[in-house]
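Now, the feature entries from TrEMBL:
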type	residues	note
TRANSMEM	12-33	transmembrane segment
TRANSMEM	45-66	transmembrane segment
TRANSMEM	158-179	transmembrane segment
TRANSMEM	191-210	transmembrane segment
TRANSMEM	222-239	transmembrane segment
TRANSMEM	269-290	transmembrane segment
TRANSMEM	311-338	transmembrane segment
TRANSMEM	358-381	transmembrane segment
């Protein structure tokens, strides 16, 4: 169906359903119900609203800034450059027609003036008052209009700042969330130093990249810059999101293996490397064979996406996930990203609200559906074995 739902919620639902069913078939239904931390389930219900609202709000603000200071500025600059280009063509055609109407002697004299103006215009100490021909005087005025546009100002000033801020958020999310349990031995000051250095390096690289694109059109330059930036925001968000999903999926499996091996329930269960690799491959396989429907829903069907809007949505989602992790708010990465995409759509006034109805319904039924399926599966397996 292609609806983006939370794997975390489905796994929690499956665990809760299996636990309650096991208690029921064992004659301890009341105890099983009391074992469930219903306050945590309540926080998950709150996340159905909190996650998309936070993601949408941050995305709305971020993309609003990008659109106002970069995209709209570039559109106006490119429109002005197109008008100047048409003016230049009309100027050349008008003077060509006027030149053809001159007598042969007048053409020779005018050609000499054009030649002298061409030499004068290429001098470093060029003075416009030295120009003799109307052609070069008007051409100089047109060139002055082109210089006054400052077409690449937004790409050289705003985009490096946005890219640096985005890189700092992604690196912070990796350090404080993705690499949290890898015991890298980094202090808080080390982490902040790494974040600052990455931000400075990305600012410099993006500024230089913008300089190299001066020969391209504004629309293509904007597309290229935000495309590269989106690759890194998408990769960083996917890394953090994937590590979270793999941990949620392998947690119950690792606990079962530990019980089978030790015969006791331990607080910390060792996770075999082979199991992690298997679950990682399964995640990639699911994305490759089934995930394209979800990609179409998030990337095309909810709203029209551009590299700039995709960058804003993914960066907003990453920032909200990072902030919620620090504050301990109950949020879902999937729901945050959907809210961020909706925030972009609201700015562009192109949100497909009709598609949100089945998506929200899928969010609501994910946890209870997983609980029901898990309980039915457990009862069936108990009856068979």
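The backbone N, Cα and C atoms fix where each Cβ goes, and this holds for glycine too.
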- prompt: Would the transmembrane segment (12-33) count as touching the transmembrane segment (358-381), i.e. at least 3 C-beta pairs under 8 angstroms with sequence separation of 6+?
  reply: yes
Query: What same-chain residues lie close to the transmembrane segment (45-66): Cβ under 8 Å, and 6 or more beyond its ends?
result: 158, 162, 308-309, 311-313, 315-317, 319-320, 324, 329-332, 334-344, 346-347, 360, 363-364
